[in-house]
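Some notes on the structure that comes next.
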Amino acid sequence: MASYQDAIDRLVAGNRVYAQRTAERDPNAFSELSKGQAPEVLWIGCADSRVPETTICGCRPGDLFVHRNIANSVQGDDINAASVVEYAVTHLKVKKVVVCGHTKCGGAAASLGDADLGVMLNTWLHPIRELRRTHKSELDRLPDDDARALRVAELNVQQSLDVLKQHPAIKKAVNDRGLSLHGVIYDIGHGQLRLLDDAGVKKANGLWAAPN
Amino acid sequence: MSDKETKKYLQQSHDKIFESNKKWAEEMKTKNPEFFDKLSEGQAPDYLWIGCSDSRIPAEAITGLGPGEMFIHRNIANLVCNTDLNVMSVVNYAVRHLKVKHIIVCGHYGCGGVKAAMTPQDLGLLNPWLRNIRDVYRLHEQELDGITDEAERYDRLVELNVVEQCRNVIKTAAIQQAYKRDGFPIVHGWVFGFRDGLLKDLKIDFEKMLGEIQKIYNLAD
Ligand SMILES: [Zn+2]
Ligand SMILES: [Zn+2]
């Protein structure tokens, strides 16, 4: 049992270092944080341990409001994600919503087949597996399963964005105050984020192209 | 701000994320050229973290962990609801497929979700989600009513909410069956405090809690 406790001690020690360093760098850091949060971005990402949003974006505590689930999937009947969106958009008034998929996503890879993952995961992954069916000919042309999983991850980000666009808080905030939605893919093998073109926007960097 | 200024401002903050991501990736590669290749091979995290969506509590940053070490679910007020397919899928995958050793449910003092839940106000779409916190209050009504200081009462509600969510994790078939077979995962309840940036262990006695729960919720026989 010793090793189990070691794993927990490691987190406790890591936390102590974090608290100490943060206070050394800025003695007011924690009193500022305790006043409240005003994040600019709602991040919806995969639960995958290799995509820790704050670390990979070089962000600080307070920057990103976060929801993470299996395969960064937003589903119309899911009250969990819908509540996060409602809170972030209506109450915190975030300016951007980012859905982040990634390469080597276990959820996307599992969606390439129909292996029985238990009724819970089968149900959760169903909308992603449907993407495989609706995009069969496109996926069939790709060279290997890695490429297919990546394409499914991209399509899944797009699908999640489409569901988000139907959320009443998002509809309202897009109209009233220019809230914007973005899809990105994180490349685990290179550590880099890549912006996905929005379907309706042709320019690279899509919504962020400066007005002419 | 004019429309144009707003767009420019947003453009800058957006570019900043991509820029600092690039910088981070380069730094990691310089430090360890195989860093990303290794991660590419797969994940084998020891921990599942169930925490609040609150932007001030990035799990990996406050525990000093790197990419690949902690599987993470975050929602409003770190709730584990029995009928929520979202969190249940996460628990299921983490326990049955990744075989995590520890599950940490982490709340935090000053939680906006907990506060909102106890506000006598119709919050629309948030009502059903936040009602779970009122249920926690009802389960511990006597204790909480006995705390006269409001801030202290909220702090205690945050703690009790974590304890109840630990119970909900333990109610699942995935945990009960895995623990019976492997002797893990172990469920922990923690609370993060902004005053000092430290995690407080609520010292949940996992085995005792499991035993109590299985009196009614046993799914492991
Ligand atoms: Zn994933
Ligand atoms: Zn919170």
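Placement of Cβ uses the backbone N, Cα and C atoms for every residue, glycine included.
Take the CB of B:Cys111 (Zn(2+) binding site) and look out to 10 A: across all protein chains shown you find 25 other CB atoms. Residues or ranges marked as Zn(2+) binding site in TrEMBL: B:Cys52, B:Asp54, B:His108, B:Cys111.
Marked as coiled coil by TrEMBL: B:130-157. Across the coiled coil (B:130-157), the prediction's mean pLDDT works out to 97.
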Just to be sure I understand the packing, how many Cβ atoms besides its own are within 10 Å of the Cβ of B:Cys52 (Zn(2+) binding site)?
25
Determine, from DSSP, whether B:Cys111 (Zn(2+) binding site) sits in helix, strand or coil.
coil
Is any of the binding-site residues B:Cys52, B:Asp54, B:His108, B:Cys111 near chain A, in the sense of a CB under 8 A from one of its CBs, and if so which?
B:Asp54
Validating a neighbour-count step here. Other CB atoms within 10 A of the CB of B:His108 (Zn(2+) binding site): how many?
25
Does DSSP give B:Cys52 (Zn(2+) binding site) helix, strand or coil?
strand
